[in-house]
């Protein structure tokens with residue numbers, strides 16, 4: 001492509017005219033554009049080099065009060081754009097300018113051209129596309145025909161947002177045979193599919209978590225069961241040992257009971273024997289200690305018989321005859337020989353019997369026998 005024709009340096013009137021800008025929704029530029037003043041036909045090396053950077057192409061909506069061109073007329077009406085047409089920034093080399101701009105070094109400028117339905121492939125070949133601008137310390141920027149500030153990040157369209165999918169989401173989409181675009185926005189059907197896939201992934205993760213927790217719980221239970229079984233075995237062995245010790249102690253207790261029974265029976269026998277001996281000794285020794293032993297024996301003369309209330313026993317006539325019998329006589333003779341304290345009384349009675357009648361003798365004998 002030969003860029004030596006000077007006609008390419010002058011923009012056509014139908015594109016940069018005020019009417020065309022008003023139709024596109026922008027304020028028209030001034031009648032005299034400073035870009036057109038300037039290039040010599042004798043300098044073919046400084047012709048316009050057209051570079052279009054795809055990274056500088058962006059979509060934005062025109063604000064209601066923003067001017068699309070450099071206009072000195074304050075009374076020009078501001079119109080709102082009904083749509084968001086594409087805005088392309090063209091980088092050109094203006095070369096050495098005549099008149100007031102005769103400094104050394106080339107100058108560069110930017111022209112913002114709004115194209116409604118043109119495509120970059122029809123405008124500029126791929127060979128003219130570069131990713132950067134040449135750097136130069138002596139650079140002069142020409143006034144723009146149309147200046148436009150870049151849109152803020154919030155106003156940037158969603159076409160620049162990429163859709164990031166995880167490997168698991170990609171795998172599930174591939175299994176279901178569904179392909180999603182890599183850029184946003186998505187349609188409602190695609191959003192539903194993506195939500196469904198993510199819901200499946202969440203359910204899968206929750207199921208895995210529940211299975212993991214269940215496995216951990218079961219492992220903990222198994223370890224506790226093993227520890228409890230081991231402790232139970234130890235306790236069983238200890239119980240068996242204690243049972244053996246208990247049996248041994250019971251045998252010893254039985255033997256001790258037998259020994260204590262024998263010793264207790266022997267002790268009871270000895271104690272009873274000792275008590276019997278003491279009681280017999282007491283019976284033998286106590287009668288010798290009489291309270292009347294220290295007194296003098298009573299004489300027959302000192303003893304006086306007093307009247308005693310006694311029973312009157314009926315006697316038979318044969319009793320008087322029995323008194324004369326030798327048996328009674330022998331008894332009466334034996335009375336003085338008895339070693340008793342009342343021997344004197346019996347002797348006195350015997351002495352008095354002879355002087356009394358037979359009836360009185362029978363009464364005295366009866367009282368003596370009583």
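Note: Cβ is positioned from N, Cα and C throughout, glycine not excepted.
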Region 'Basic motif' per Swiss-Prot - which of 115-154, 155-194, 195-234: 195-234
Residues of the region 'Leucine-zipper' (235-256) by DSSP state, where helix covers H, G and I: 22 helix, 0 strand, 0 coil
Cβ contacts under 8 Å made by the region 'Basic motif' (195-234) with residues that lie 6+ beyond its boundaries: 166, 168-169, 172-173, 176
